[in-house]
Amino acid sequence: MSLCLGFRELGLQPYEPVLEAMRRFTEQRSPDSQDEIWLVEHPAVFTQGQAGKAEHLLVPGDIPVVQTDRGGQVTYHGPGQLVAYLLLDVRRLGFGVRELVSRIEQTLIELLASYGVSAAAKPDAPGVYVDGAKIASLGLRIRNGRSFHGLALNVDMDLAPFRRINPCGYAGLAMTQLRDLAGPIELDEVRTRLRGQLVKHLDYAEQTTLTGGID
């Protein structure tokens, strides 16, 4: 089946309204609905996944904490981090959860390789790593064969808030970002490259930019 993947570029948006819009989209979509990926940055926020434990929030301070329904544990979102929410009919695509995670990781690995950065996945810890430091996090939820939530790639951001938590439940996990590995980076360029890699690795025939809000 020839499928077109739609992208919405949302800019900087508060986390909770986007979370509610993702849930609403997933609940209301039909078998014929186009798959969408929402590209967004968030103001500073910690999010707790379904497996999250309070002890991994070390010193949240003035950064809000939001409980969410994605997989995984606590992570941090902030400006300069590229977040992609994958609103896909994975049943229609024919992917299992493990294959979807693997395809997302390979998307990120090839994207980073295009900047000369050698990255890898870990079989026991979803995400993408460079020399043991985490550069991208994954957290998904599948409901009725449809995915939501997605990935977060550290591009050009303040990494200090990660020290207030045990990222993804791992004490002392080092975090890194593309700017520190490849020099000054334009987020818009990374966004464009990410779109192309997602289309390739998720087996879509083409992509389009969607307009309008997510309300």
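Including glycine, each Cβ sits where the backbone N, Cα and C put it.
Listed features, source Swiss-Prot:
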DOMAIN    31-206  domain 'BPL/LPL catalytic'
BINDING   Arg70, Gly71, Gly72, Gln73, Val74, Thr75, Tyr76, His77, Ser137, Leu138, Gly139, Gly150, Leu151, Ala152  substrate binding site
SITE      Lys134  site 'Lowers pKa of active site Cys'
ACT_SITE  Cys168  active site, acyl-thioester intermediate
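Distribution of Swiss-Prot features across the structure.
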residue : record                               : Cβ contacts under 8 Å, 6 or more apart
Arg70   : substrate binding site               : Thr47, Gly49, Gln50, Gly139, Leu140, Arg141, His149
Gly72   : substrate binding site               : Gly49, Gln50, Ala51, Gly52, Pro126, Ser137, Leu138, Gly139, Cys168, Gly169
Val74   : substrate binding site               : Phe46, Thr47, Gln48, Gly49, Gly52, His56, Leu57, Ile165, Asn166, Pro167, Cys168, Gly169
Tyr76   : substrate binding site               : Ala44, Val45, Phe46, Thr47, Ile63, Pro161, Phe162, Arg164, Ile165, Pro167
Lys134  : site 'Lowers pKa of active site Cys' : Gly127, Val128, Pro167, Cys168, Leu173, Ala174, Met175, Thr176
Leu151  : substrate binding site               : Val83, Ala84, Leu86, Ile104, Leu108, Ala136, Ser137, Leu138
10 Å Cβ neighbour count around Ser137 (substrate binding site)? 24
With the substrate site defined by the record as Arg70, Gly71, Gly72, Gln73, Val74, Thr75, Tyr76, His77, Ser137, Leu138, Gly139, Gly150, Leu151, Ala152, how many Å span the farthest pair of C-alpha atoms? 16
What's the number of neighbouring CB atoms sitting within 10 A of the CB on Cys168 (active site, acyl-thioester intermediate)? 23
Gly139 (substrate binding site) has how many other Cβ neighbours within 10 Å of its own Cβ? 22
Could you say whether, by DSSP, Cys168 (active site, acyl-thioester intermediate) belongs to a helix, a strand or a coil region? helix
What does DSSP say about Arg70 (substrate binding site): helix, strand or coil? coil
